[in-house]
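Everything on this sheet refers to the single structure shown next.
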C-alpha cells in the first residue's frame, strides 16, 4: 500500500512535549485506518520539535477527509516515563500522500491524558460547503463536545451569563494561561503587593493625613506621565482633559439642553464664558458638554474596617473654548437632586471647595469605570463573545479562525476575577467605596441601558455628539484602529461569504449571534443587538465590533499585553486570508507611526491605542 509521510510540530512552551505515545488514524472517503503509530528510535515530541514519520495504511481509504490523533500512555517497560497525565501541545500535523501535495491540519490544542482529537485539513469551511456526511458529522460532534465542556451559568442575576467554572484550577488546558503567562502574572502581582507593603499601604486602615503622604503612592513608579499628573492634577484644564483621554474616555457627550435637575444659571458660568455670550447661546452653538453619573444615584455603598463609605452621583458641565482652547469645567453638582443640600460648585468658589467637588467627580469616575467600562464592557461582554465562539463555531469555521486569537486567556482571567477580585470578601469588597454589592447594582442598571451602538465606536462617537471636539485622542486613534479592523474584516468576509444569502444560510454563524444575544444581553430587544444577521455588511460591522471590544477598547481602559494583529497560531492555511493578515499588520504599523509622531509634540502623550501596545485579547 502507498505510504504517507507525517510531519508533526510540537509547541515551544514549557511542558508542551510529551512522553506519551502518539498515533494517527486517516479517515477518507472509503473508510478509516486503524491507529498508525508515530514511533522511531529515541524520544519523540519534545517541545519545539518538528518531526517526520512514515506510516503505511493497510488499505486505501480514498481521498483524505480527516485525521484522528490518538494519545496514550507509554508502555510500562519504559523506565523514565512519567505518569499518564502527561499533556502535549500539538501545533499542526502535515500529511503527504505518496506523489501528492501535502495537506496541513492546524491543531494548536492541548491533549491531556489518554484521548483522541479529530483534525481537519486547514482550508476554512462554512457548513454549507461541507457536502460529505463524514465532515458534516464531524462538525456536529465537535460542537456537541465543546458545549458539554464549556457551559453557561448565572453568576449574579441581571449580569451577562458566564463560564460555569468555580476556579481556574478546573479550566480546560486550552483556555488556561500558559506557564510563562501564569508566571509573569503572579510575579507582577507579587511585585505590586511588595511595593504596597513597603509603602505601608497594604495593611493601612487609617485616614490620609496630607497630600504629601498621598504622593508616596507614586514613589516607586516615577514616569513622565506620573510626574505630569502630580504637577497638574489640581488644574481645571487637566481635570477636563481626563474626560477625553483619561481612564474612562467614553462618557462625555455634547449638551444642547441642560437637564432639569441641573439648574445652572448665566450668572454662575459668566466668569468662564466671558462677555458677549450666554448659557443658552453656547448650548445652541454646541460648545457645552455634559458628564452625568446618574447611574450612581441610590446605589448602596460599602463598609470597610467598620467605616461606612460614601459615593455621589454628580453632573459636570464643561465648556469648549472657541478655536483650540482647552476644555474647561463650568459647574459641578454632586447629586441628582438639586437644592440647599446639593449646591452647584463653580470654579469661582473657594479653592478647596472646588477641588473637593472635582475630587468627588473623580471618585464617581472610578466607580463607573471599574464596574461598567472595565468590568462589564471590557471583561464580561468579551467573555460572552469568547464562550459563544467556543460553543457555536467549529475549528474549521473561518470566523473561529479569525476570532480565536482575540479570545485568548479571556475565560481564564475572568474566572480568576470571580475567584479573587469580585467574590464576596475579596479585593473589590475590601478596597472600594461601593463593594461588590454596589458594583452589582451598577451592572444590573447598566445592562438595562447597554446597547449595540455603544459597542460600535463610530456609532458611539456620533451618538455622544463628540465628532469634532479637539484633542480627543481616544476618538482619533480609536477611529483609525476601527477602520483598520473593519477593512481587514471586510476582506476576510469577502473571501468566504460571496453574498448576503450565504450569510443567512450559515446556521453556525446564526447560532453564534443568537447565543450572544440571549446569554450575553439576556434577550433584551431594546439593546439593539442583532439576534440574526442577514447581510455581509451587518456581519462585517458585528465582527469588527467583537474584535475592537476584545482588543482596542480594553486597552484604552486598562493596560496592554500582546500586540493587536499578532497571529502566532497559523489557523488560516490559504493564501488569500494570509495576504489580508499581512495587509492588516502593515496598516497597523502605519497607524503606530502616525500616533508616535503626534505624541512627540504632546506634553502628555496618549499611547494607549498605539497598536503595539494594544493587546490582542482581554487577558489581564
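Backbone N, Cα and C atoms are what each Cβ position is placed from, and that goes for glycine too.
Curation does not apply to TrEMBL; its annotations are automatic.
Since the structure is predicted, the reported quantities are computational estimates derived from the model, not experimental observations.
Marked as domain 'PLAT' by TrEMBL: 2-125. Under DSSP, residues within the domain 'PLAT' (2-125) fall into helix, strand and coil as 0 helix, 59 strand, 65 coil.
Marked as Ca(2+) 1 binding site by TrEMBL: 15, 17, 86, 87. Packing around residue 15 (Ca(2+) 1 binding site) is summarised by its Cβ count: 15 other Cβ atoms lie within 10 angstroms of its Cβ, all protein chains included.
Here TrEMBL flags 39 as Ca(2+) 2 binding site. Counted within 10 Å of its Cβ, the other Cβ atoms near residue 39 (Ca(2+) 2 binding site) come to 12, all protein chains included.
Cβ neighbours of residue 110 (site 'Essential for stabilizing binding to COTL1') (same chain, under 8 Å, six or more residues apart in sequence): 87, 88, 89, 172, 173, 174. The feature site 'Essential for stabilizing binding to COTL1' is assigned by TrEMBL to 110.
Residues belonging to the domain 'Lipoxygenase' (125-567) score a mean pLDDT of 92 in the model. Annotation source TrEMBL lists domain 'Lipoxygenase' at 125-567 (among others).
Taken from TrEMBL, the feature Fe cation binding site covers 374, 379, 554, 620. Counted within 10 Å of its Cβ, the other Cβ atoms near residue 620 (Fe cation binding site) come to 21, all protein chains included.
TrEMBL lists 568-620 (among others) with the feature domain 'Lipoxygenase'.
Apart from the site residues 374, 379, 554, 620, the chain places the Cβ of 375, 378, 382, 413, 557, 558, 618 no farther than 8 Å from the centroid of the site's Cβ atoms, the recorded Fe cation location. By the criterion of other Cβ atoms within 10 Å of the residue's own Cβ, the least surrounded of the binding-site residues 374, 379, 554 is 374. Recorded residues residue 86 (Ca(2+) 1 binding site) and residue 374 (Fe cation binding site) have their alpha carbons 37 Å apart, per Cα-Cα distance. Residues within less than 8 Å, Cβ to Cβ, of residue 17 (Ca(2+) 1 binding site) and separated from it by at least 6 positions along the same chain comprise 10, 45, 46, 47, 48, 49, 88.
A gap of 40 Å separates the Cα atoms of residue 620 (Fe cation binding site) and residue 39 (Ca(2+) 2 binding site). If you take the Cα of residue 374 (Fe cation binding site) and the Cα of residue 15 (Ca(2+) 1 binding site), they are about 33 angstrom apart, rounded to a whole number. Separating the Cα atoms of residue 15 (Ca(2+) 1 binding site) and residue 554 (Fe cation binding site) is a whole-number distance of 30 Å.
Rounded to the nearest whole angstrom, the C-alpha distance between residue 39 (Ca(2+) 2 binding site) and residue 379 (Fe cation binding site) is 44.
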